[in-house]
Amino acid sequence: MSDPIETVKVPAAAPATLLQPVAAAESSSDEVTVVHQAPLAELEDIPPDPTDEEEDDNKKDSIDEKMVAASKEEMPPKKSSAEDSILSVIYTASKKVFIVGSIYLVGYMGWSIAWLIAPVILSVARDRWQKSTKHKRSIAKASALASEKEVILARIDELPAWVYFPDVERCEWLNKILKQLWPNANHYARSLVKQTIEPNVAESLAFYKLPGFRFDRIILGTIPPRIGGVKVYDYNVARNEIIMDLDLFYASDCDINFYLGAMKGGIKDFQIHGWIRVVMKPLIRTMPLVGGLQIFFLNNPNIDFNLVGIIDFMDMPGLSDLLRRIIVEQIGNIMVLPNKLPISLSDEVPAASLKMPEPEGILRIHVVEAKDLMKKDIGMLGKGKSDPYAIVNVGSQEFKTQIIDNNVNPKWDYWCEAIVNSAIGQEVCFNLWDCDQGLPGVQNDDPLGRATIEIVNVVKRGVVDTWLTLEEAKHGLLHVRLQWYKLTAEPADLQAALMETQLLRVTSMSTALLIVFIDSARHLKSARSNARPDPYLVCSVGKQKQQTAMIMRDDSPVWEQGFTFLVGNPDNDTLQIKIYDQKTGLEIGQYGYVIACLMNKENMEMVSQPFQLQKSGPDSKLIMSLALRILKKVDIVEDTDVTSEASTISQLARAASVKQSPSAQDKGSLRDIQSQSSRLSSESPLTEEEPIALKVSSDTMNLSTTPTRSPKLFNANLAGSGDSQLTHRFPDITSSAGENGLGRIQLSIHYMVQRQKLFITIHKIMNIPLRDPTNIPDPYVKLYLLPGRSKESKRKTVVVKDNCNPVYDATFEYLISMAELMQSELEVTVCTQKGFLLGGSPIIGMLKISLNETDIIENGLNSWFDLQPEQKHD
């Protein structure tokens, strides 16, 4: 066994390793000591050195004393011991009198014991929660005050980012600069909070009937933010920009007071932690060499604070979520992608180059389903089920699925699209919750787990279709499908995008992205006599609306704000712009622009063009820039590891819900043989009858009879048409009653990978045997997915009265993943209602079709099937 620790002398200019900063701080020579650690298994066999343990204990005690002393530096002096003793006696006596009086009052009034127990439980829970949060904030503040060396030695499990990531560098020099600049930056931050965050928080609170919010005093304190590490990108970066990521941690000693109506409250111990990106662009040839800055958080940062004052009652678990959520939202609206904080450093740089949105692409997200979620609801017999829903976050963009009541295996089939400004560093967050009804705006829901996917992985592969194991949960899986779309300026790509959305049959999906930059307006009319307006602008595309800031008393306001809109069809949509006066609420100008006009422009954009406003003054104009981009799919890169992993997870999920008998595998081969023998090839009837093919147009899906064989076009129409009934079949009739003389059924089966859906169309049944002329059957068809035969997979057609050749043309859908499809079977059962009423067996015939066939996925399966005799369930 080699020595567990080896000391090597290297020059000071060599690259620093994990613990070099600590060694360098303790050494005064020109050399740095590099510590190489042995493997964990070897270290466990080495007996501890008592001398080293004593030294470590003494060092840790001294560090803890320093950190505690640092955290108590600014605490007020304590009162004398005599005063403390008197106050303690009075408090203890009053507390006992209150407790005895409460018990006596409950007994005297004859109330339930719950009136005594409930306040005690709430009080204990609140005290525990306050102590835990206070302890966390104290540790964070002590870490912010202590030096980096002491923080590393005292808290090895919470090292800064430059320790964990090799491409993140240490930047203690930057922390020293921030400490020197913080008093000046304090003034800028106060003005930003007062001018931007205050009106938005007030508007949000007014929605919950809490008017009159305003900040009274804003002191951010003397503790500056700390940068845990910096990463500078040197690849995939344009020549005229510099991109760096900073690990920002801010634990302030702020003193912020605010009023909510007549109530006064305050915010203490405000903390924020997250990765913030700084983009220096464009690079210019005159000083200061950088034209401007763009500052933003890649993802939602972690924010925490403590409420004080009269509004301290809102600091209870659940009730404080209202104010906390509103503040987080407003920070996200300013500095979380796709929102940025632009700062201009040179007059040579136009505002549009810094403030106009620059999205990289669109991420289409499909939240398919979840399995084996935790049971959070409590029923009469113990734990019941949950009412799950999912929240999807991409930066400050948030999407919410529908709520599925009383189900731990929900199928949402929810679609949304997120605008991505920076694929590198951003991630998609999925948070699952159990819905519990409570006060509006108060978070009463229970968490069911969370999962994340880095967007850069989706960009590399094109499509990611996977099951995610939920974190912060005992068990649970989430099935999602993400697809990346790049943005092009080619009008020819629009037709392909329109065709794809028609095939998806999801009305909320878009084909293009409209980028709008509102520069300014000139010579607006006044809404009041002898007074300039307070204008703000609202632009909308369909149901999407965006609003600029309000400019006080200015008839030629300069907004310089950019917006993005997802467009369903550029040929039909219009950009609507309206300008209002805030004090009167009157409209002082409007303009409408047909988006299709951009298709004929060079590069499909217009830069800083004036537009004549309507319903305004004769010289009123609006200056804005427009750009249109078409969504285009990228090439899909197959990942065998992801596919095999998804298949494995799907097998585990199936095994958890279905207990298969030992002989099931032996019966599988028999089912395949029966399925192949029962299905007659479509080539046989084609020689006797003329087929009917389906023709797909670019705008609408129309049916036309042409003598050609085109099963692929047939299935494109089956999966993409908005109609649920088909009136043309392929082939149309058959004269045979099948191998068993029970009749034949015509089915169309097609699986659409993009939608994760299985489409089954029951066209018709022919030649059902008539055993009693006085008892004509009333047939109907039932479908089940095997294994399992669960109620969720049951589908049923209508009953056709007195008919041996019924026609249904009914289409059914199943939300199912590709991995599950490969292991599933379709059970088709033809029954008669009369047989059930007369006491006999209602089953006329049945068959089982294996779904593990390439034809079902590629072109679809269209054929006649022979009905088999009734089989017992496995």
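Keep in mind that glycine also has a Cβ here, set from the backbone N, Cα and C atoms.
Lifted from TrEMBL, the feature list:
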- 42-56: compositional bias 'Acidic residues' (COMPBIAS)
- 671-685: compositional bias 'Low complexity' (COMPBIAS)
- 697-709: compositional bias 'Polar residues' (COMPBIAS)
- 167-346: domain 'SMP-LTD' (DOMAIN)
- 337-468: domain 'C2' (DOMAIN)
- 490-611: domain 'C2' (DOMAIN)
- 741-865: domain 'C2' (DOMAIN)
- 36-63: region 'Disordered' (REGION)
- 655-714: region 'Disordered' (REGION)
- 97-122: transmembrane segment (TRANSMEM)
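Computed over the domain 'C2' (490-611), the whole-number mean pLDDT of the model equals 93. Here the domain 'C2' (741-865) is broken down by DSSP into helix, strand and coil counts: 17 helix, 59 strand, 49 coil. The domain 'C2' (337-468): residue composition by secondary structure is 12 helix, 63 strand, 57 coil, according to DSSP. DSSP states for the domain 'C2' (490-611), grouped as helix (H, G, I), strand (E, B) and coil, give 21 helix, 57 strand, 44 coil.
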